[in-house]
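Some features that Swiss-Prot has for this protein:
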type	residues	note
SIGNAL	1-32	signal peptide
TRANSMEM	35-55	transmembrane segment
TRANSMEM	63-83	transmembrane segment
TRANSMEM	89-109	transmembrane segment
TRANSMEM	114-134	transmembrane segment
Amino acid sequence: MAPKPGAEWSTALSHLVLGVVSLHAAVSTAEASRGAAAGFLLQVLAATTTLAPGLSTHEDCLAGAWVATVIGLPLLAFDFHWVNGDRSSANLLLGGGMVLAVAGGHLGPEGRSVAGQAMLLVVAVTILIVAVFTANTYGMWGGAMLGVAGLLSRLEEDRLLLLPKEDVCRWALAVGSWAYCRALHTQRLQWE
């Protein structure tokens, strides 16, 4: 099946926006929240390897997206939980992500897809729960948008809102990452 006109443009733009938002978030959170900054940086690297022509193969791009999902997202949530005193959830999320990263080579493509989506949803739900209890509106929006990205990725449709499904998921991740960066900033202001 031939790609739809504009699909490559849409894909490149969604990767670029996710990369720029994540880079801004990494720089903004680097001093106060190194774990979250590392998670945002992994998203930047995954987007960059996809955008750079000849830099990597399709398999490398998939591996980068896998690492950004199973290690990067738990790193984002780690600091949010840790600062709010929920150290067991923080350690459990990060440990689970590390185990998934190591086990990824033993999973088939469908297994990696399900594990990545599950990790995305678990991170989204835990961020949402902490944000609700701490009344952090940006955290609520960030958790909700990460959850939307995870749920959209499970849909059977190839296109959503006239765009490829993966692009819509990246747009949702970009909005969620921006909101989560703001949530970390708000959280830091509350603790100062």
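Positions of Cβ are set from backbone N, Cα and C atoms, glycine also.
Long-range neighbours of the transmembrane segment (89-109) within the same chain, counting only residues 6 or more positions beyond its ends whose Cβ lies under 8 Å from a Cβ of the stretch, are 35, 66-67, 70-71, 73-75, 77-79, 81-82, 115, 119, 122-123, 126. Outside the transmembrane segment (63-83), and at least 6 residues removed from its termini, the chain residues within Cβ reach (under 8 Å) are 33-36, 38-43, 45-46, 49-50, 56, 89-90, 93-94, 96-98, 100-101, 104, 112, 115-116, 119-120, 123, 126-127, 130-131, 139, 146, 177, 180, 183-184, 187-188, 191. Sequence-distant neighbours of the transmembrane segment (114-134) (same chain, 6+ residues past either end, Cβ-Cβ under 8 Å): 65-66, 69-70, 73-74, 76-77, 80-81, 84, 86, 89, 93, 96-97, 100, 104, 107, 140, 142-144, 146-147, 149-151, 153-154, 176, 180, 183, 187, 190.
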